[in-house]
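Trainee: Before I ask anything, let me first share the structure, which is written out below as C-alpha cells.
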Amino acid sequence: MTDVQETQKGALKEIQAFIRSRTSYDVLPTSFRLIVFDVTLFVKTSLSLLTLNNIVSAPLWDSEANKFAGLLTMADFVNVIKYYYQSSSFPEAIAEIDKFRLLGLREVERKIGAIPPETIYVHPMHSLMDACLAMSKSRARRIPLIDVDGETGSEMIVSVLTQYRILKFISMNCKETAMLRVPLNQMTIGTWSNLATASMETKVYDVIKMLAEKNISAVPIVNSEGTLLNVYESVDVMHLIQDGDYSNLDLSVGEALLKRPANFDGVHTCRATDRLDGIFDAIKHSRVHRLFVVDENLKLEGILSLADILNYIIYDKTTTPGVPEQTDNFESAV
C-alpha cells in the first residue's frame, strides 16, 4: 500500500467516526419548509404542487391510518407514465391518469413489474450512520426522518434527508476529505461498463423506459462517437408533463431539452485521474447530482453517482452504528 493509499484509509476512518458521532437531525438547516402530501391526492395535482414548489419529492401521509405512507419521488411518475403509455388506447390512458390518486402507486408498480420502494425511515436523533446504511441497503437516494410521540405513539414527519445533503455536510465539516487523494481509476468506485445512454434523436418515452427498467435517475446523452453532450434526468420528465400534455413524450430528447427550465443545475464531469478531495470540494460549492467521467475529448467513460461516493465512504468494518455524541461544533448543510 502506497503512502497516499494509507493516508486515504486513515482519512476514511476519521470520516466514518464523524458520521457515527452525528445525528441525522444535525444535517438539517436551522429553518426549512416541509411539504407533505396525503395519499388521497390526485397524481396530477401532486405533480403541479411539486413543480410549483420547485421540489422533486415529498413524504406521503395516510390520514385514515394516521401514519407515514412512503415517499413520492420522480420514479413514481416515471412508473405511472410507463404503465399508461403501454395502454392500447392512449386517450383513455391520459383520462385515467388525471383521475389517478397517489394511494394507487404501489399497484402500478406491481403491474409493470417494478420493484416497489421500501417504506423505510429513520429517527432524526439516531446516528447519521444509521441513515446512510439504511439508504444504501434500500438503494434509496433520500430517506424520511420520522419521530414518534412518546405518549400517543403517533408518527411525525420531521424532514427528508438526501445523499447530496449528507455529502455536503461531510464536505463542510470533515477536513479529512482533503486527504482523499487516490485517483478514481485506482479505486473500486463508480460504473464503468454497460452504461445506459441515449442520443439527441432518442424519443423521450424510450429514455423513460430506461429510467424505469434500470432504476436510474438520469441518462447521459451522447453523439455517435460517444462524446457526452448533455443529460436527461427524471426531473426533466416532470417539467415536460407538468401541464398535462403527454404528447410531449413523443418528442426527441433534443426537442425536449429545449423546454428545460433555466435553473438546470448543469452537467458535472470529471476525469478518471481526478480524486475525491476535489469532488468533495465541488459538492461543497455546487449542487452536484452525479459526475460523468470523460476523457480529454469528452468521450464518456463512466458515471460516478452520489450513492457510489457515500457507499465508498461508509462501507468498512468500522461502520457499526453508534450512539451519537452531543456536539454543536459543526455547520448544517443548507
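Placed from the backbone N, Cα and C atoms, the Cβ positions cover glycine too.
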Trainee: Quick check: of Arg110, Arg141, Arg142, which does Swiss-Prot put in the same ADP 2 site as Thr191, Ala196, Ser217, Ala218, Ser305, Leu306, Ala307, Asp308?
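Mentor: Answer per Swiss-Prot: Arg141.
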Trainee: Among 29-89, 187-247, 262-319, which stretch has the highest count of C-beta pairs below 8 Å with the domain 'CBS 2' (115-177)?
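Mentor: By the under-8 Å Cβ criterion, the domain 'CBS 2' (115-177) pairs most with 262-319.
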Trainee: Suppose we draw a 10 Å sphere around the Cβ of Tyr164 (ADP 1 binding site). How many other Cβ atoms does it contain, all chains included?
Mentor: 18
Trainee: Go ahead and report the DSSP secondary structure tallies for the domain 'CBS 1' (29-89): helix first, then strand, then coil.
Mentor: 22 helix, 14 strand, 25 coil
Trainee: Among the binding-site residues Ile303, Ala307, whose Cβ has the fewest other Cβ atoms within 10 Å?
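Mentor: Comparing Cβ neighbours within 10 Å for the binding-site residues Ile303, Ala307, Ala307 has the fewest.
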Trainee: Which binding-site residues (Ile35, Arg141, Tyr164, Arg287) fall within 10 Å of Ile303 (ATP binding site) by Cα distance?
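Mentor: Qualifying among Ile35, Arg141, Tyr164, Arg287: none.
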Trainee: List the Cα distance (Å, whole number) between His289 (ADP 1 binding site) and Ala196 (ADP 2 binding site).
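Mentor: Rounded to a whole number, the Cα-Cα distance is 17 Å.
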Trainee: Across all the protein chains here, work out how many other Cβ atoms are within 10 Å of the Cβ of Thr162 (ADP 1 binding site).
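Mentor: Result for Thr162 (ADP 1 binding site): 20 neighbouring Cβ atoms inside 10 Å.
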